[in-house]
Amino acid sequence: MSGGDAPKRKRLHFKFSCRNPSVKDDSLHIGGPGFSRVVFCNEPDRYEAGLLKYGGNYVRTTKYTLANFFPKSLFEQFRRVANVYFLITGCLAFTPLAAYSAVSAILPLIVVIGTTMIKEAVEDWGRKKQDIKVNNRKVKVHCSNGNFEYTVWKNLRVGNIVKVEKDGFFPADLLLLSSSYEDAICYVETMNLDGETNLKLKQALEATSHLHEESKFQDFKALVKCEDPNANLYTFVGNMEFEEQQYSLTPQQLLLRDSKLRNTDYIYGVVIFTGNDTKVIQNSMDPPSKRSKVEKKMDRVIYLLFFIMFLLAFVGSIIFGIATRKDLKDGRMKRWYLRPDDIDIYFSPKRAPAAAFFHFLTAIMLYNYLIPISLYISIEIVKVLQSSFINQDLKMYYEEADKPARARTSNLNEELGQVDTILSDKTGTLTCNSMEFLKCSIAGIAYGRGVTGVERSMARRSGSPLLDDEGHIEDDSADRKSSIKGFNFVDERIMHGKWLKEPRADVILKFLRLLAICHTAIPEVNEATGMITYEAESPDEAAFVIAAREIGFEFYKRTQTSISLHELDPISGTKVDRSYKFLNILEFNSSRKRMSIIVRNEEGKLLLLCKGADSVMFERLAKNGREFEEKTRDHMDEYANAGLRTLVLAYRELDEEEYKVFNEEFTEAKNSISVDRDEVIDEVAEKIEKNLILLGATAVEDKLQNGVPECIDKLAQAGIKIWVLTGDKMETAINIGFACSLLRQGMKQIIINLETPEIKALEKAEDKAAITKASKASVIHQINQAKAQITASKGSSDAFALIIDGKSLTYALEENVKNMFLEIAIGCASVICCRSSPKQKALVTRLVKTGTGKTTLGIGDGANDVGMLQEADIGVGISGVEGMQAVMSSDIAIAQFRFLERLLLVHGHWCYRRITSMICYFFYKNITFGITLFLLESRASFSGQPAYNDWYMSLYNVFFSSLPALALGLFDQDVSARFCLKFPLLYQEGVQNVLFSWKRIIGYMINGLYSSLVIFFCCIKAFNHQSFRKGGEVVGLDIFGTTMYTCVVWVVNCQMAISVSYFTLIQHLFTWGSVVVWYLFLLAYGAISPTLSTTAYKVFIEACAPAPSYWIITFVVLIFAIIPYCVYKAIRMRFFPMYHQMVQWIRMEGKSEDPEYCRIVRQRSIRPMTVGCTARREASRHSA
């Protein structure tokens, strides 16, 4: 409805909360510190409002702005110490101290930094476009004279009146004024905030509920005073002054940004918090500048190379200074060729210390080839192209939603191969946000032949067929999709009215009737098709109502006093209409773990219908109501093992007198405005929810996304720990834990919560200091108990699961407790944090990241996960059903959780191995090249004489050695994708960082040192005192340098070829092409005028090429340089293989299809004390 005076919507609905809920005395703080916000409703242009200077509604997730891009991006580049060094040497190259031309020194740095800045700008522009899309969404805002016009979100200001229509997102934090319903209620979906899909009921103040028409806002004025912006999603304290009356405000009136209006035609609200002041943004953090651990370690290696370089320069300068001082002795010149008698300060024997200092600066510039400047640009290029491989991987493309994987930043590719802990959201990440009614137990008989995802996964792995209840092989096309959302129940004994022929049809009737009545769902009739759909407060409740409808008990109408069904009459076998008078509802909460409804049927009988958790229901059964208890318990255990969520259903008939007494007490409790109102209501309900008669139990599958159990199983086998951080209730989280095999039967659960009688008593007394002290003490006590339990079980195969709620987590994350909490969490196979706020998710992530020092990955799909994703080393956003906030703040976006398996085990492993191998090769080739410069200079009396032509040196890292490294970083594979998934423990090579350990790095450096010594001394010995050509000419520096450079090019490229595990055409082209390009360069550069080519003028075509010794020396040096590495590699492969080399042996020997052989290699990754389907099966086998 978008007209000016639209008719208000009147739909029969049911109110599930009090009209004006009581508030605590926090309202007394209004106007004090932390409660100083003042909002002039409908007067955003008022003078006093301008003085408050509240921020606008524009939000951004970008790393840079137009104003700070250049300085901030430059700062990012010069955080790398190597870039700072090359900037300094580039500036020094313009002085007479330089051993080469200034252009050849500064140009590589400009290219490196410029390319990286362009890459950063392109990536941030992608985030900017997402921000533009969100900030330019439109909403109706009151302009003047009762007129509402569309404006973009970013233009909203505090005090604006806005109109949000059905299925629209709230553009800011709004105070609800009225809605399309008479009593100003609305239904809100908060999935983007807390991950929950169930609808929340909000209700405006009665004083503003009459504002249904746009025209009524022409003269509307009110003053709101409330709390300052904060991150707490579940509290709001304030008051409203309206028409000279003051009204208290509660969270019931607050509509949060990015939540969605559902089932309501429209609402009117006033903007309270905008932009960065909104609660969802308060729960997020600025996008951090993330750097991978490999890159940080690479910086430390660069520091080591700097130390070596400065040491060489220092030693050389000392020797040079001593030699310079002795140059003129008794009037004789020892180094006459340096002309010390006719020179400035640089070689003056009279100023030897100054000459030594200037030589030190020259040496610093000359030896800078030890520092691989092209390494940074090469890594940037490789990472961008690796990201494109991730983006184009069809096996991570979700066809149903047309969503490919998308790497939103390329800085963290290698981190994907080093993840130690995954911190995952639940709703929308592990699950599909849907429930399916799958099985039930009625009167001690199990019904339903559906197969859960957990059962299917375990059967596939064990190779055993699935059997139904009668022992028949189950068709695993139980991947079959039901055409009815929420209903996947298959059993011919009950469907299509056949339940009437069952032996206990009377119990089945009561069971189905209870499902159809005991709920808070609201029916909606599609006028075009006549189909009835349901809006329920939780997905499982919707599944129950749908199940009852499909079996024959259709709930179709609800009024404030009655519930109407189309029932299958057991006598006539036809559908009849029956109405039940609604009397009371006893709501579900986390302490009660049950809900009940009291109705009067058409025969006048009073019925209490109850459903709840087995832990509270069985103890409430009457002695004569336990007929099916034993069989029902057995069935529920089976359902739990299959990962299903179970509820017990029971009922009782009430007599009139008992109900009369209860109703009086219950009405009095509901009308109470005391602080302990909820506890009083629970106590009254407790009195009547007893002596129940058991009917049976339901089993619904909290439908996991496809492949989640299998994915978790593979990740667990890879040694990755998985934590679940969810805003859901503990019971829901535990059930999902079982469904996805994070929890299993036999696993010891450590539950930390504050549901103790002592703390509840303190809460009633409202002694905040005492509550805080007692709560913290309780959490510490529970943590110590858990620690003792875990310590006592060391050496056994016992697996522990830690489950903690949000209240306890608040104290567990305090400074003096968090390390104790982390210690027990690390000792558990799985960790589930329930009722976690977005801030707590981020804090837990930070604790794991800093406390363990290992790589963390956060994965989620909603705005409530943004803080977690940004705090984690890697943030993975699920592009789910609703909202793009998580994706916009993530480093990588995928469409389904199951794609995480391939992202980490395949792309992560490859990227880590490729980049670390490439970096090690860069260190090797630069040390090989740089040490030859030092050796030649030492032979030239440390005079600053370079061994090679200027452009030889400048192009070494561009054309003659870097391209093979790029090919290695892009295409090399130690094993194929199939073997990465078949042997998940390969992934631990990245977690343990074995391919970039100091041992391996130093090994590459030593190999580089050896290669340089071989090259230099072989060339010196070969050319020393020997004629080089037929004419008897000996070699000069130009020929010697060219020969030595040729040896360097051959050695480093052949070394690269030996290191490659998987050759492609491109690798052949780059490796051997680099050698060919060197010879072509010699020809082309040597043909240029000697004023430009200097020492390279025709050196190859006239001197080197015709001389046999040039070719012989190159071949001999190559053999001597690479033989030691070949021998080492062969011995390592044969006698001390790494895990990936073991897998390579399997492939080479053709054992990849031998199950026993593969099992032996794979068995190290399967442990009964871990999680996953395989560990579940192993634990069952061991217990048997």
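From the backbone N, Cα and C atoms, a Cβ is placed for every residue, glycine too.
A TrEMBL annotation is a machine prediction, not a hand-curated record.
Features of the protein shown, as given by TrEMBL:
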type	residues	note
ACT_SITE	Asp425	active site, 4-aspartylphosphate intermediate
BINDING	Asp425, Thr427, Asp861, Asp865	Mg(2+) binding site
BINDING	Asp425, Lys426, Thr427, Glu541, Phe588, Lys611, Arg645, Thr726, Gly727, Asp728, Arg835, Lys841, Asn864, Asp865	ATP binding site
DOMAIN	39-105	domain 'P-type ATPase N-terminal'
DOMAIN	887-1137	domain 'P-type ATPase C-terminal'
TRANSMEM	301-323	transmembrane segment
TRANSMEM	356-379	transmembrane segment
TRANSMEM	918-936	transmembrane segment
TRANSMEM	951-971	transmembrane segment
TRANSMEM	1001-1023	transmembrane segment
TRANSMEM	1043-1062	transmembrane segment
TRANSMEM	1069-1088	transmembrane segment
TRANSMEM	1108-1128	transmembrane segment
Let's check the environment of Asp861 (Mg(2+) binding site): how many other CB atoms sit within 10 Å of its CB? 33
Name the one residue among Asp425, Thr427, Asp861 whose Cα is closest in three-dimensional space to that of Arg645 (ATP binding site); these are the recorded positions. Thr427
Nearest to Thr427 (Mg(2+) binding site) by C-alpha distance, among the binding-site residues Phe588, Gly727, Arg835, Asn864, is Gly727
Candidate with the highest Cβ count within 10 Å, taken from the recorded positions Asp425, Asp865: Asp865
Counting only CB pairs under 8 A, let me know which of 301-323, 951-971, 1043-1062, 1069-1088, 1108-1128 has the most with the transmembrane segment (1001-1023). 1108-1128
The transmembrane segment (1043-1062) and the transmembrane segment (301-323) contact flag, 3+ Cβ pairs under 8 angstroms: no
Number of Cβ atoms other than its own within 10 Å, given for Arg645 (ATP binding site): 23
On a C-alpha basis, identify the one among Asp425, Gly727, Arg835 that is nearest to Asp861 (Mg(2+) binding site); the candidates are the recorded positions. Asp425
Binding-site residues considered: Thr427, Asn864; fewest surrounding Cβ atoms within 10 Å belongs to Thr427
Roughly how many Å separate the Cα of Asn864 (ATP binding site) from that of the residue listed as 'active site, 4-aspartylphosphate intermediate', to the nearest whole number? 9
For the transmembrane segment (301-323), distant same-chain residues with Cβ under 8 A (at least six beyond the ends): 80-82, 85, 334-335, 352-353, 355-357, 359-360, 363-364, 367-368, 370-371, 919, 923, 926-927, 930, 934, 937-938, 941-943, 1001
When you measure from the Cβ of Arg835 (ATP binding site), how many other Cβ atoms are you left with inside 10 Å? 21
With DSSP as the reference, give the number of residues of the domain 'P-type ATPase N-terminal' (39-105) in helix, strand and coil. 31 helix, 3 strand, 33 coil
Which of Phe588, Gly727 (the binding-site residues) has the most other Cβ atoms within 10 Å? Gly727
Near the transmembrane segment (951-971) in space but 6 or more residues beyond its ends, with Cβ under 8 Å, are 100, 104-105, 107-108, 369, 372-374, 378-379, 381-382, 385-386, 914-915, 917-918, 921-922, 925-926, 929, 1041-1042, 1045, 1048-1049, 1052-1053, 1056-1057, 1059-1060, 1062, 1064, 1066-1067, 1070-1071, 1073-1074, 1077-1078, 1081, 1085, 1096
Could you measure the widest C-alpha to C-alpha distance across Asp425, Lys426, Thr427, Glu541, Phe588, Lys611, Arg645, Thr726, Gly727, Asp728, Arg835, Lys841, Asn864, Asp865, the residues recorded as binding ATP, and give it to a whole number of angstrom? 32
Among the binding-site residues listed as Phe588, Gly727, Arg835, Asp865, within 10 angstroms of Asp425 (active site, 4-aspartylphosphate intermediate) by C-alpha we get Gly727, Asp865
If you measure from the Cα of Asp865 (Mg(2+) binding site), which of the binding-site residues Phe588, Gly727, Arg835 is the nearest? Gly727
Average the per-residue pLDDT over the domain 'P-type ATPase N-terminal' (39-105) and send me the rounded value. 82
